[in-house]
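What TrEMBL says about this protein:
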{"type": "REGION", "residues": "1-43", "note": "region 'Disordered'"}
{"type": "COILED", "residues": "120-248", "note": "coiled coil"}
{"type": "DOMAIN", "residues": "283-616", "note": "domain 'Kinesin motor'"}
{"type": "BINDING", "residues": "G372, Q373, T374, G375, S376, G377, K378, T379", "note": "ATP binding site"}
Amino acid sequence: MSRLPVMSSKRVLPSSSSSSGGSENGQDYAPAQKKIRKDPEPGKAFAAATVIGSRRPPAAVTRAPICDWFSCRNRCSFLGVLKPTMASTVAKGGNLKQPTGTAGGTGANKRKAWDLKGKVSDMEVKMRDYQTKVKSVNKENEVLRGTMVQSQTRVAEIEKELERQRGQIRTYEEELQVLSGVRDELETVSSEKMTLQKELSNLEGKYKVMETLRDSQETELQTLKIKLSVQESTLARLQSTLREMEEEVCSLKETVTQQKDELHAGEMERRRLHNTIQELKGNIRVFCRVRPVVDGGVSKHIQLPASDTKMITLAKTEESHTGKTTDTQKNYNFSFDRVFGPAASQQEIFEEISLLVQSALDGYNVCCFAYGQTGSGKTYTMEGDEFTETRGVIPRAVQQVFKAAEKLAAQGWEFNFTASFVEIYNESLRDLLYTGKASKRPEHEIRKSVTNEVTITNLTYEKVVNEDQVLGLIALANQNRSTAQTAQNDRSSRSHSVFQLDIEGVNGGRDIKCKSTLCLVDLAGSERMLKSQSQGERFKEMTAINGSLSNLGIVISALANKENYIPYRNSKLTYLLQGCLGGNSKTLMFVNIAPEPDSFGETLNSLRFASKVNDCVIGTASANRK
């Protein structure tokens, strides 16, 4: 950075300057005036005091270090002008202050006290000298004032020049800072340039590689264009095929809709024909099942014709009362809807009633109950064992209902199922699904609604959605059911159990609703007192069982005779089953018989009771649809 130029020659100050201009910048010359006061020449002290004493300069202003050199040069210039003037004054008038002496300034002896005239004369001489000196000093003062004005003007110009030089210095310093930043940027740009050059070389290499790739891709592009043209032609062909397929799909949709309507019409026709078949078979149907002999032998008094599955014959040999004729054999022939021999399986039994179970999903009330003496196999027929092959009517019916409901769901049907299990023990109702304390069992009553629906108060009704839930409820009911040991059976059922599955179906697309009940009943075993040897509580149970079964026979007889009054309320069993026996229901009864010869009398009574039921006509059942 260059420094400011230094003036080597003294500049002559202009003589024209007003006193006011000097006063404005008087503060800049205070150090110069103080320098004059401290002049070491002894003969000029008074003159300096005379020149400067007319006005008191203000205090000096502190300046920046960069101005000290210029201030010293101003002071020297001012003193160079001032000293010659004072020297001329001393040459003209001598010392500014002379010691007092004799007249004429000779310094002779002192006047006497009485020489007043001489003293006056001396004083006049001194007066003239002083006047002359005052004039000379005033002239010098005027000269010094002019010189001071010139100096002040020069100082102002120098200060302006100084400010200009300072501005230039600041500008140069700013430029220097900018240039230093530019130098850093230049170094950064240089390093970036080197980096970019390296990248450029790398990019050039990559560019060559890309050119090679471009050439290969152009070749591939040409190949793809050829393939694209082929694909476009294929696409056009496929689009035309697609349009044809869409038209075909629309046609198929119309066909599917038409087939759905036909399927629904076919389903309704199937239900109608199915119901017609069931009506032709009779709304009360009776099946007879013969239990196998325990030791595997053959029962001789029970005869089952091989050519006729609906006939059963009981043969009894009677002795001659006169003794003259040989023993005679008396046969009792019975005919039912179907007779199953000892070799019939559980699956074969259920196949005969599966169509009846299907009617429950079609909106018909269905009831199936087993009747017979103790130990004839009623519970095995209705419930069976836990194995698949030996499962009874109840679990198989539940399985069929849920499978059929799943198939009907494809046609828009939705079903809700509610299960309940109750037993009639000693003419009182018990909830077999109750899981609370025995001491807090609620009481139950049979109620009949305005729509002739039979319900039980305080009974547990469980919502079920699958087969496993129902089987769990059946297992719970078997644990709670009342059984006891008798002379005819180690584990005889001492109550009537009634399983009900309420079915509600809705077809939203067809706006059809149906409601039905599937009722599966396992009756208690009928028995004679002498043969069962029941005593005490067992005798009471036997009396209640036989009484309810007798009332069931009375109701069946009244229905068969078409009497005006049917005594349903004589027992809880007939009151609960009145909708199945004389109402809007399809009913099936299993009569189970024991093959032992000593059970001939009980077997004959059971077959006679079943024959009465088979002869009963309760009217045509109708579906509960809306």
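Each Cβ is built from the backbone N, Cα and C atoms, and glycine gets one as well.
Those TrEMBL annotations? Automatic predictions, nothing curated.
Features as recorded by TrEMBL, highlighted on the structure.
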residue	record	Cβ within 10 Å
G372	ATP binding site	27
Q373	ATP binding site	23
T374	ATP binding site	25
G375	ATP binding site	24
S376	ATP binding site	29
G377	ATP binding site	18
K378	ATP binding site	26
T379	ATP binding site	24
